[in-house]
Ligand code: GUN
């Protein structure tokens, strides 16, 4: 039996219809949700992601403001811009597209964003609140992954979730979100010996490494839910995930494709957080 495909594109469409309604209602109350996006340098992938985010904003009725800077920008200039956006009442969410050039300290940039405008959920205050179960902006990709797993209607409590990858953006927080849902969570990474022996125990396998086709059918328990966060560009220009989709779909119970899987859900959760930020800031 082949796996059921969890389409991020379809799920994102449903959620965005609801978000567009919410944005319209806020607008009727005189609040137009606004997202400021800062893009540094000319990495083609970053430019493409930012374009996707702006297009999605326009579709649901969020104003977006784009600030582009050359790769040579000084950290201080970038921080000044963030301070300015922190104080701008038309801006409810601030997103600095990562990665940043090496001479800019990522943590310094993230910590300068006002936590109440941190729609990426990267500020240590929001990370800490998420860890202890307080209300906070959830990081977009982990939140999107959770929504995709919930969409198939399986019980998460008591399930074994194995996370491959331990980045601050995806691996670490996604495990925390599933722990909050009462799953048993195992983290694995590049130093984990015999990765397959552990991933084969997963009821829900979440892969966020950035290595094309790292996960094959031997890594997957029959019937498991497999969520592929990886986006890798092959030599032929095509995108592919960290999971060997064609082979693994013959073993898994559910699987997400790349493209059309987690990507559209990440953007959807960014829209969700921006609308929430607008609502909260307006209520202050
Ligand atoms: N780069 C890769 N993913 C992300 C993300 O979710 N947010 C930001 N700001 N940069 C990223």
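The count begins at 1 with the first shown residue.
Backbone N, Cα and C atoms are what each Cβ position is placed from, and that goes for glycine too.
Bear in mind that TrEMBL entries carry predicted annotations, made automatically and left uncurated.
Not measured: the values here are computed from a predicted model.
If you look up TrEMBL, you'll see 6-120 marked as domain 'Tetrahydrofolate dehydrogenase/cyclohydrolase catalytic'.
Here the domain 'Tetrahydrofolate dehydrogenase/cyclohydrolase NAD(P)-binding' (139-280) is broken down by DSSP into helix, strand and coil counts: 53 helix, 26 strand, 63 coil. What TrEMBL lists as domain 'Tetrahydrofolate dehydrogenase/cyclohydrolase NAD(P)-binding' is 139-280.
Counting only same-chain residues at least 6 apart in sequence, those with a Cβ under 8 Å from the Cβ of residue 166 (NADP(+) binding site) are 172, 187, 189. The NADP(+) binding site annotation in TrEMBL covers 165, 166, 167, 231.
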Give the number of CB atoms, excluding that of residue 167 (NADP(+) binding site) itself, located within 10 Å of its CB. 15
Recorded NADP(+) binding residues, 165, 166, 167, 231 - maximal Cα separation rounded to whole Å: 16
Could you pull the average pLDDT for the domain 'Tetrahydrofolate dehydrogenase/cyclohydrolase NAD(P)-binding' (139-280)? 98
Among 165, 231, the one of these binding-site residues whose Cβ has the fewest neighbouring Cβ atoms within 10 Å: 231
